[in-house]
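Features as listed in Swiss-Prot:
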{"type": "ACT_SITE", "residues": "ASP322", "note": "active site, proton acceptor"}
{"type": "BINDING", "residues": "LYS196, ALA197, ARG198, GLY199, ARG200, PHE201, GLY202, CYS203, VAL204, LYS217", "note": "ATP binding site"}
{"type": "DISULFID", "residues": "CYS29-CYS59", "note": "disulfide bond"}
{"type": "DISULFID", "residues": "CYS49-CYS77", "note": "disulfide bond"}
{"type": "DISULFID", "residues": "CYS84-CYS103", "note": "disulfide bond"}
{"type": "DISULFID", "residues": "CYS90-CYS102", "note": "disulfide bond"}
{"type": "DISULFID", "residues": "CYS104-CYS109", "note": "disulfide bond"}
{"type": "DOMAIN", "residues": "190-481", "note": "domain 'Protein kinase'"}
{"type": "CARBOHYD", "residues": "ASN42", "note": "N-linked glycosylation site"}
{"type": "CARBOHYD", "residues": "ASN65", "note": "N-linked glycosylation site"}
{"type": "TOPO_DOM", "residues": "159-513", "note": "topological domain 'Cytoplasmic'"}
{"type": "TRANSMEM", "residues": "138-158", "note": "transmembrane segment"}
Amino acid sequence: MTAPWAALALLWGSLCAGSGRGEAETRECIYYNANWELERTNQSGLERCEGEQDKRLHCYASWRNSSGTIELVKKGCWLDDFNCYDRQECVATEENPQVYFCCCEGNFCNERFTHLPEPGGPEVTYEPPPTAPTLLTVLAYSLLPIGGLSLIVLLAFWMYRHRKPPYGHVDIHEDPGPPPPSPLVGLKPLQLLEIKARGRFGCVWKAQLMNDFVAVKIFPLQDKQSWQSEREIFSTPGMKHENLLQFIAAEKRGCSNLEVELWLITAFHDKGSLTDYLKGNIITWNELCHVAETMSRGLSYLHEDVPWCRGEGHKPSIAHRDFKSKNVLLKSDLTAVLADFGLAVRFEPGKPPGDTHGQVGTRRYMAPEVLEGAINFQRDAFLRIDMYAMGLVLWELVSRCKAADGPVDEYMLPFEEEIGQHPSLEELQEVVVHKKMRPTIKDHWLKHPGLAQLCVTIEECWDHDAEARLSAGCVEERVSLIRRSVNSSTSDCLVSLVTSVTNVDLLPKESSI
């Protein structure tokens, strides 16, 4: 069947050569999907690739080699990748990967795929077995001159009318917005393994992408706005930072409006959220400081306006608007990573900040001005709302620290002791706004020099007066200073610090927002 497809490709190219100048490149590739039933796609056939102006298109193949048995995984189109430039054959070069992958340039170049082992080894080529001539083949050769031309004309007319979006197996009749700055993950083998969390906008899966574990946040179609918002935040220049969740891709999965799922693929962190970790673990003084310092560093960077960020362009100031311990993830060394930017808002000079509804976020972590509905819709006001929530998360850390000479209680959420696990908006307004209550700071915490100073910082974060709250950058510097002063002290110095904690020089409140 190779000859008919080649002839058809030549006819199509000759008809379109005149009209294709200045337009995006097109490519035709062999298509195959081993998971076609699960992903609700065709199992095999041809895929027509359509790219953007000045972008090159390739074909690819991926497969497994289990004890000499070749298991084809996927074939199809691949977007502009310099590793594929000018490759006429599909050749995988990695040594013994779990999944082999190759890409090439040229129509149907992924029909044959090859693994070229380390130098000196034999080249192993995998090629579809030849098939005996069939009646269908004979008919194809006989009818090709007339039928092929008719088919090309019909295809050209149909494509002109429908304008299929590039790489799209899904059409949900919307403007998809700017594409995310990442390769198309949908063409790589991705397997969902287990659900790790469920939230307001869907569920989070642990998944395997090639040889790595990733997190896949799946939104139902009705929560499209949250998916789009988070994708746009991740696509903002300068969002690559050690203390911000690493973004990999955003995709639409499914084949009809009723079955579409919206996927957000990010790095996976096995320790989970800070909430989950504190529930099961008591932390040391150094662990508390490390989490607090890296968490405040991440929020400080998010809040910062960077005119020219590492050559990527202008990074605007961003308010999180749903800062809480559940949205702080932990790396293996307990470095904090901020996540869940579905409610975040950007503040770009000369542009409105977008959707800035007042009462958004998690009720328990809402600042007094949010509970009152008395928000000043300016950048600094939103950053101060984040800082109130930061104070509550720091309190959660202190409540599970064993540094103080006293009992460590079971983990509790902020205000859980005062108004339970499911407080109403009215209860929070009464406690936080009218009574101006805050989570209890235990007496024995104040007997530890470091915790005592940290409690002062916490109180300045959740101050009822929003303008008096510290900035995230100031909190980062405070925690670093406290950590160094305590860790460098001798036992005798610790005794004197306990009696003179109020005289310790903290960073001045001029560092507040």
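Cβ atoms are placed via backbone N, Cα and C, with glycine included.
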Entries of CYS59, ASN65, CYS103, LYS196, VAL204 which, being recorded positions, have CA atoms within 10 angstroms of CYS90 (disulfide bond): CYS59, CYS103
Integer mean pLDDT for the domain 'Protein kinase' (190-481): 91
Sparsest Cβ surroundings (other CB atoms within 10 Å) among the glycosylation sites ASN42, ASN65: ASN42
Distance [Cα-Cα, Å, rounded] between GLY202 (ATP binding site) and CYS104 (disulfide bond): 37
CYS84 (disulfide bond) CB neighbourhood, other CB atoms within 10 A: 20
Tertiary neighbours of CYS29 (disulfide bond) (same chain, Cβ under 8 Å, six or more apart): LEU46, GLU47, CYS49, CYS59, TYR60, LYS75, GLY76, CYS77, ASN107, PHE108, CYS109, ASN110
For the recorded positions CYS77, CYS102, CYS104, CYS109, VAL204, the one whose C-beta sees the most other C-beta atoms within 10 angstroms: CYS102
Integer Å distance between the CA atoms belonging to CYS84 (disulfide bond) and LYS196 (ATP binding site): 36
Nearest of the recorded positions (ARG198, VAL204, ASP322) to CYS84 (disulfide bond) - Cα to Cα: VAL204
Fewest other C-beta atoms within 10 angstroms, as judged across CYS49, CYS59, CYS90, CYS103, which are the disulfide-bonded residues: CYS49
Where CYS49 (disulfide bond) falls in three-state DSSP terms: strand
Chain-internal residues near ARG198 (ATP binding site), provided their CB is under 8 angstroms and they sit 6+ positions away: VAL204
Three-state secondary structure, ASN65 (N-linked glycosylation site) (per DSSP): strand
